[in-house]
Structure formats: structure tokens, C-alpha cells
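Record features, source Swiss-Prot:
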DISULFID  157-166  disulfide bond
DISULFID  177-186  disulfide bond
DISULFID  189-209  disulfide bond
DISULFID  212-221  disulfide bond
DISULFID  242-251  disulfide bond
DISULFID  254-272  disulfide bond
DISULFID  275-287  disulfide bond
DISULFID  277-294  disulfide bond
DISULFID  296-305  disulfide bond
DISULFID  308-322  disulfide bond
DISULFID  349-420  disulfide bond
DISULFID  364-475  disulfide bond
DOMAIN    157-211  domain 'Laminin EGF-like 1'
DOMAIN    212-274  domain 'Laminin EGF-like 2'
DOMAIN    275-324  domain 'Laminin EGF-like 3'
DOMAIN    345-475  domain 'NTR'
CARBOHYD  62  N-linked glycosylation site
REGION    470-489  region 'Disordered'
SIGNAL    1-16  signal peptide
């Protein structure tokens, strides 16, 4: 039993990690001191005798030795042995990289006296973990009469307090990094642990690298110093390459085209589900991030915009898949005679019949001249009605160009109530939009200042001729009529 206990104790000591305390918390650690370099040579005659000196006095000679360590190390001691007693003046210099700059470590003047100084000289850096002599090259300069017989260097790998083991003979030397650091000298954080800036460990604080909060959707992140400052020094990591259709600094919301499934936790691979919007009934492939509701076209309803709403029926148009069901005896606007007794409608409309003489002046005063077909209508607030129209031809453009195809037009509710515009679904109209007032540049507006006349094929040629005259400059100098107010929308 005592033998078994001793073996378990030794095994526990061998497997203990010096970079973590018994509770598993990070702590400052250093690799062991090892022999970095050793140089030995025979002792030749340091300096030749001067031929003119019968007393045999020696001349002063100088020498230097540069050692390349193969990587950065923390030097702990430098031992020098000379061929004869009385070593010369010594200068030790260290450089962090090849080519310098060199930093003076130790300077020893020549020993006075005939016998000289000691045969061996040893330089020690600050003992313990506070050793600060970091170098990859060491230079020894000496002058005088003695020659250098041997030199030895001892030190440890530069791991910045984040490793207790090191492959010192590797080139460059590689530390077995802990505290979620990486690099030959543990000089940076792992790609997934960059929520705090990298710092070297100290005996008072190990400064481990902390993981970024990516909800298990990213394997790497980057450190942002500005976010770290704004957070009061709490967090500065930004997740990169979010997976599983997530996005954001912490991969905490879904990409466009996906929505958050509340039945799954945020760190689940199935936290984001595809919107599955209908390709014809929806305006696009995106949906609400919370509910998954797609943005439907006019008259279309459903979570994925896959059916027509109440009062609408399916059509064959991919751009307007649902049309309002027409009523048997009514149109979109009521005839003027039905409301002729309303005092507000008296002299309100532009009372013109279908016999319109389109002169060049009147053509130029219009905001737009279009041939369009009315498809459907729905209320858009208390003062406006939105019409779905299909523009078939454009004879006069607005300041904001009108394109051919399906789009929306806006009509004041009062103009329809008083019968200023007579519109029937499925019928082609010549739409004359007056430039009176200040039309919304982003919307196609039809009101009482313009006309909506049932289209007649014989109008096409005269309108083409007026269009050519406008392009030739025929509308220059023609002013629009006096403005009048429109309802707010």
C-alpha cells in the first residue's frame, strides 16, 4: 500500500500543469533553464612578441565573439574562461534580432596590477522570474593580452509567462503555450480567444486570453480596441465567419432570408430557419426575423404569402397574383350624378367629357401622359386609395421617370367619392396627370386636376406626334397652372 501511494503521488506531481493552480485557475509559469550555447577552443598565443622589445613586452590585442542563439531567449548567466590569468576588459552586448541594435549588458574595465584578474568571469542576470535580458544574439568584446578559451550561456525560452515547457533546440524555439495563447513565444491569442488584448503574464496576473462570445457559431474572432474601450474594458471580440446562417458581432441573429426559431436555443445549429417565402406571392426572399412573416404583395396573405386574402381572387399575373373581386354593379369610383347634391362636390372636379382636344400647350402642362390598365384597388389611409395599375405606354415622362409594367398609383379618396375619376378594373385608360400642385416625386398620383379617359386606339398617333414635338423643344417656356393643395398621406 505505501508503494502504491508513493507511485500515485509521483504520478500526480508529474502530470500537474505549472501554468494552472490546483483549482484550475491560470497562473504565471516559466520553462526551465537550459544550456543555450557552449564554445571551447585551444589556447593559442594571444599576441606575438614585439621584435623591437628586448624585454619581451607584449602588445595589446583586441578580439570579439558573436553567438547566434537561433531565437529569442531569456539569458540567466554567461560564463567566460580565458587562456591566462589577467583577462582583458570585457563588454557584453545583446541584440533581439540579427543586425542589432545592440544593448549593453555588462562592462568590466581591465584589472590593474601585474598579475591581472581572475581566469573565469561569470555574468548573472536578475534571478528568478524577473529576468529581463531577452536576446537572440550575444556579443563578447575583450581587449588586452589574454585569449578566450571557452564560453557558456544558460537561459530559458521567451514564453512571456504562458508556458512551462519549451523545445529550446527547435529553430525558432517553440513554447508549449497555455492560457489559450499561440505562437513560437506565446505572443498572441488563439483565433477563438480574442475577447481581450494579448498581454504577457506576470507573477501578479496571468493575463490569459478569453474566448469570444459567438454562441458556438464561429471558430475565430478578432479584437477591436474601440469596442473594448467603449465597453469599459470588458469585451472587445468580434466574431468572424458566423456559421449556421447567423450574423452579427456575437452571431446572435439570423442572416437575411432566415428567421429565429424560438423553439431552439441560440447556440443550436437549427436556431435560424429559412423564410420559405412564396416566389410569386412575396415581394422578396426576406421575412420578419422574429415571426418569419414574409412581405406579401397586394392582396396576398399567409405566413409565406401563399394565398389570396379576403376579397381577392387568384390571377394569372406573376406581378399581381391576387386581384380584388369586382362587384357586380359598382366601379372603383362613383359617377358624379350620384353625389351631385353634396355641396362639397360642387365645382370640385375638372368636369371634362371624353371629347378632349389635346393641344401642344395642354400636353406640355401635364405632369405625365400614360396609357395604363387598372388591376385592383385598396384603401391606403383615411385620405388615399392605392391602385394597382399596369403601365402599357409612356407618352410624357414625369420628373421621376415612370417605367412600363405593374406598379402602384395613388388617388385622393375625395376625388373618387365625388366622381372626379371614373375607373373600372380591367379597362385601359389614358391618364393625364396635371402638374398642378406639388406631386410626390416618388409616387404616381392621379387626382381631380387630371383625367382618366377610356383608351381609344386612334389617340396613339397624335400622342406620338406630340411626344416628338416635346423632344424637339416644343414645351420650352410653357408654365404649369396655379397650384392647389392635395390631401396629406
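Going from the start of the chain as shown, residues are counted 1 onward.
Note: Cβ is positioned from N, Cα and C throughout, glycine not excepted.
Structure with Swiss-Prot features highlighted.
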{"residue": "157", "record": "disulfide bond", "contacts (Cβ under 8 Å, 6+ apart)": "31, 71, 72, 73, 74, 163, 166, 168, 173, 175, 185"}
{"residue": "189", "record": "disulfide bond", "contacts (Cβ under 8 Å, 6+ apart)": "180, 181, 182, 196, 198, 209, 223"}
{"residue": "242", "record": "disulfide bond", "contacts (Cβ under 8 Å, 6+ apart)": "214, 217, 218, 248, 251"}
{"residue": "254", "record": "disulfide bond", "contacts (Cβ under 8 Å, 6+ apart)": "245, 246, 247, 260, 271, 272, 289"}
{"residue": "275", "record": "disulfide bond", "contacts (Cβ under 8 Å, 6+ apart)": "257, 258, 259, 285, 286, 287, 292, 294, 304"}
{"residue": "277", "record": "disulfide bond", "contacts (Cβ under 8 Å, 6+ apart)": "284, 285, 286, 287, 294, 295, 304, 305"}
{"residue": "296", "record": "disulfide bond", "contacts (Cβ under 8 Å, 6+ apart)": "281, 282, 283, 302, 305"}
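Counting only the Cα atoms, the space from residue 364 (disulfide bond) to residue 308 (disulfide bond) is about 41 angstrom.
In this structure the C-alpha atoms belonging to residue 322 (disulfide bond) and residue 420 (disulfide bond) are separated by 27 Å. For the pair residue 177 (disulfide bond) and residue 212 (disulfide bond), the Cα-Cα distance reads 19 Å.
According to its DSSP assignment, residue 251 (disulfide bond) is coil.
Of the listed disulfide-bonded residues 186, 287, 294, 364, the Cβ environment within 10 Å is emptiest of other Cβ atoms at 364. DSSP assigns residue 177 (disulfide bond) to a strand in the three-state reduction. In the three-state DSSP classification, residue 242 (disulfide bond) falls within coil. Under DSSP, residue 364 (disulfide bond) is assigned to a helix (H, G or I) in the three-state scheme. Each of the disulfide-bonded residues 177, 221, 305, 475 was scored by the other Cβ atoms within 10 Å of its Cβ; the lowest score goes to 475.
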